[in-house]
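**Student:** Here you go, one structure.
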Amino acid sequence: MMIKKRIDWIDYLKAFSVISVVAFHVMDGMHYEAHYSGFIYVLITTLTKGVALSAFFLASGLFANSWLKKEKKFLLKVKALLVPYFIWSIVYGLLNILGSSYVNHRADFSFIYTILVSPKWHFWFLYYLFWYFVFFAAIQKLRQRTQMLVIGSGFILGLVFPNFWILNNFFPYFIAFYVGTYFKEIKDQIQRDSLLRLALMALPLYAVYSYCLEMNYELATSLLIPLAGITSAFFFIKLFMQVPHMGWLQYLGQRTMPIYLLHVFFTAPTRIVLLKLNIQNVGINVLVGILAGLVMPLLVYMVAQKLKINKILFGS
């Protein structure tokens, strides 16, 4: 029973994260296309960048220690992360070029070479996650204090050399991943804490992070990402530990990869069609866009399963 409960809240956390990401890209499209920048846009933007992504990486870190014990562990991550990353980056890039007159962020054929070292669009998540596992494996033979020193040094290097490779955002989110690898040690503390206490820890940090992000204070934002993200993730973990079983949310949480990879293939066309029909109501656009971004990728995934190509397209 305890194992089932544990799986439930992990799936809920992942579902919350991917819904936030879909909502963010829907709102981002409205921001560029319809110049909407109201409260909902700011809220979803800060919630996604400051909380949902950290929660995603923290949830991924939960399984890093068991992954280390597997044979051919790096090959497994290549298949699970890099293969889908390259497939969908290329597909999306080509569609972006073909529909260049309809999209907000245009590409050219040079992206085929640049994605090797510089991830584009929302696919950066898979690229980062692959290197998080590699980096985590590389520092395992070091003592814990030395590991933290290496991570801290990398964080500082990212601030000093923000344009070098992916250093700019690598370590702020890696810290959440790293905390996830130690979750067994901190789970009991989260279970003992009250929701109110966790909320009082998370809300001030989230508020300051939101302000710094809105004001474009890049240094402060980088410093606050792990603090606001991790404390907020702890709050949602505690919340999801207490909620009753929700099959639909668990279903989404178990299929975050196809949703994450494919949602923009459907949210952007949905927005274009709605605006062409002169439906400019933000609420309608957001609701329909989120539904399209969640439902359509799941339909594609079902087809891929029937064709037995789901592991190639979406990892194991």
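Cβ coordinates are placed from backbone N, Cα and C, and glycine is handled just like the others.
Checked TrEMBL, it gives:
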type     : residues : note
DOMAIN   : 7-300    : domain 'Acyltransferase 3'
TRANSMEM : 12-32    : transmembrane segment
TRANSMEM : 38-68    : transmembrane segment
TRANSMEM : 80-101   : transmembrane segment
TRANSMEM : 121-139  : transmembrane segment
TRANSMEM : 146-164  : transmembrane segment
TRANSMEM : 195-213  : transmembrane segment
TRANSMEM : 219-237  : transmembrane segment
TRANSMEM : 258-277  : transmembrane segment
TRANSMEM : 283-304  : transmembrane segment
**Student:** Over the span of the domain 'Acyltransferase 3' (7-300), how high is the average pLDDT in this prediction?
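**Tutor:** Mean pLDDT, the domain 'Acyltransferase 3' (7-300): 88.
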**Student:** Return yes if the transmembrane segment (195-213) and the transmembrane segment (146-164) have at least 3 CB pairs under 8 Å (sequence gap of 6 or more), otherwise no.
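**Tutor:** Contact absent: fewer than 3 Cβ pairs fall under 8 Å.
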**Student:** Ranking 12-32, 38-68, 80-101, 121-139 by the number of C-beta pairs under 8 Å to the transmembrane segment (146-164), which range is first?
**Tutor:** 121-139
**Student:** Below 8 Å between Cβ atoms, which of the listed ranges 12-32, 38-68, 121-139, 219-237, 258-277 makes the most pairs with the transmembrane segment (80-101)?
**Tutor:** 121-139
**Student:** Using a Cβ distance cut-off of under 8 Å, indicate which of 12-32, 121-139, 219-237, 258-277 has the most pairs with the transmembrane segment (38-68).
**Tutor:** 12-32
**Student:** Quick test of the contact rule: Cβ under 8 Å, at least six residues beyond the ends. What residues does that give for the transmembrane segment (219-237)?
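**Tutor:** Hits for the transmembrane segment (219-237): 9, 13, 16, 49-51, 53-55, 58, 155, 158-159, 168-169, 172-173, 175-176, 179, 190, 193, 195, 198-199, 201-202, 205-206, 208-209, 212-213.
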